[in-house]
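K.L.:
There's a structure below that I have some questions on.
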Amino acid sequence: MQLTPLHIQGGRELGGEIAIQHSKNAALPIIVASLLSSEPVTLHGIPRLSDVYTILEIVHHIGARHTWTGPNSLTLHTPEILNTETPYALVSKMRASFIVLGAVLGRAKEATVSMPGGCAWGPRPVDQHVKAFRALGAEVSEENGNFAAQRSGSLSGKFIFELLTVGGTHNAILASVLGDSVVTLENASIDTDVVDLIEFLNSLGAKIEGAGTNTLTITGVSALHGGEYTVIPDRIEAATFMILAAATRSRFKLTNVRTDHLTAVTAKLQEMGVDILEDGSSMIVDARNREMKPVNVTTQSYPGFPTDVQPQMSALLATVTGTSVVQDPVYPDRLTHVAELHRMGANITVSGYTQVIQGAPLHSAPVKAADLRAGAALFIAGLTTEGETVIDGVQYLNRGYERLSERLRGLGATAFQPEPALAAAMD
Ligand code: EPU
């Protein structure tokens, strides 16, 4: 659906309190993991985002039925698997849905999922997912644009990931939980979203040891029971609002945060001169009256500086006097924000995955988000300028930020999307 653009106007100090949503990237695999139980599972802290609606459509196709029981709570129930095939029309809506391969293989012993393909900022390989399945005893074939996996017995043995992958670790865990053997995953991701998936599965009776370390031991169980679980707060959304506070030289109080999940971002903003005060599950970010210093940033797997925060950080640094260098080796092509920031006057030179940024005040311009975090970079940049910035591509923002314009208004920003009828009248 074509959405009307987001209009924002800034150039002034914002302020106030914002409750951070629960994690999109933790919620998605947990919804998929509910396919492993034949009993009802109630989840709390599910953000109302288009990616969540997409994954619900996919698990519905597979056999899950869901009921929203509150604004951010739902019950999922998959008494039986109705379809072991997930077609391209569904997978292409959200490439992260490739992890249904592991969940359906785990529950139904066979699964076919379309190849995920690339996205706006480059290829999204799944070689590690497939190597893990094969090393643990599944047969995986690739034909007609699909991966088809099957297992005769339980997955067992050891797989050493060649690199740290969040989705690959999710997929291997999901495929290994049900069975009567032991699976060991080495060089597994220690990302917060992997830990949350493991804690959820263990709460349903799975036996997974080593969460938060690079070695996971999964002892197969015959079935998972139902249960109730609350998803962790969204560290990427929290980081986005921390950066917005810095970029607009404002003071925000963020609630519903896991400060221990944000240490890399907190340290980098403190290095720039931002005051950050942590207090249990809340945080005060104060950048008022601050002379901000340029910094160098390199993305890494968790607990390093997240690639999902790189475009937002680049937008902030584009406003900070001096030279900053931002490198994103995790996703070297994640650069769609750069050309749009150029339209706002940013001085960013790109070479490979390196951005050299000479900071200076930005100006407003019509811009277009080509992906979720590029969109976040644009609303941050727009809120530093006095004129009106019109951001197209709002469907990408809706994938990751719940009720964005309303929540920006709550911080004192001018942010609105004209109603479609009104927008037509203005054409
Ligand atoms: N990789 C491979 N082979 C594989 C898998 C990954 O080479 O088989 C590489 C990737 O190309 C990348 C690196 O490994 O260079 C890390 O990729 P990872 O598998 O960890 O990423 P992902 O699981 O596909 C999740 C998030 C992304 C986030 C990355 C990195 C979800 C739904 N997606 O993707 O989030 O950028 O981890 O932290 O959890 C976003 O929210 O904006 C987003 C894109």
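Here the Cβ of each residue, glycine as well, is placed from N, Cα and C on the backbone.
According to TrEMBL, the feature domain 'Enolpyruvate transferase' maps to 9-408. Annotated phosphoenolpyruvate binding site per TrEMBL: K24, N25, in sequence order. The UDP-N-acetyl-alpha-D-glucosamine binding site annotation in TrEMBL covers R95, R124, P125, V126, D127, Q128, D308, V330. If you look up TrEMBL, you'll see C119 marked as active site, proton donor. The feature 2-(S-cysteinyl)pyruvic acid O-phosphothioketal is assigned by TrEMBL to C119.
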K.L.:
Calculate the per-residue pLDDT averaged over the domain 'Enolpyruvate transferase' (9-408) and state the result as an integer.
P.N.:
96
K.L.:
Have a look at the binding-site residues (D127, D308) and report the one with the fewest Cβ neighbours inside 10 Å.
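P.N.:
Among the binding-site residues D127, D308, the lowest count of other Cβ atoms within 10 Å belongs to D127.
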K.L.:
Can you tell me which of R95, D308, V330, our binding-site residues, come within under 6 Å of ligand 1 at the Cβ?
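P.N.:
Cβ under 6 Å from ligand 1: D308, V330.
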K.L.:
Between any two of R95, R124, P125, V126, D127, Q128, D308, V330, the residues recorded as binding UDP-N-acetyl-alpha-D-glucosamine, what is the biggest Cα to Cα distance in Å?
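P.N.:
This binding site's residues have a maximal Cα-Cα distance of 21 Å.
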K.L.:
About how far apart, in whole Å, are the alpha carbons (Cα) of P125 (UDP-N-acetyl-alpha-D-glucosamine binding site) and N25 (phosphoenolpyruvate binding site)?
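P.N.:
Pair distance, Cα basis, whole Å: 18 Å.
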K.L.:
Whole-number Å distance between the CA of N25 (phosphoenolpyruvate binding site) and the CA of R124 (UDP-N-acetyl-alpha-D-glucosamine binding site)?
P.N.:
16
K.L.:
Rounded to a whole angstrom, what is the C-alpha distance between D127 (UDP-N-acetyl-alpha-D-glucosamine binding site) and K24 (phosphoenolpyruvate binding site)?
P.N.:
24
K.L.:
Measuring Cα to Cα, how far is K24 (phosphoenolpyruvate binding site) from D308 (UDP-N-acetyl-alpha-D-glucosamine binding site) in Å?
P.N.:
12
K.L.:
Within 10 Å of its Cβ, which one of these binding-site residues (K24, R95, R124) has the largest number of other Cβ atoms?
P.N.:
K24
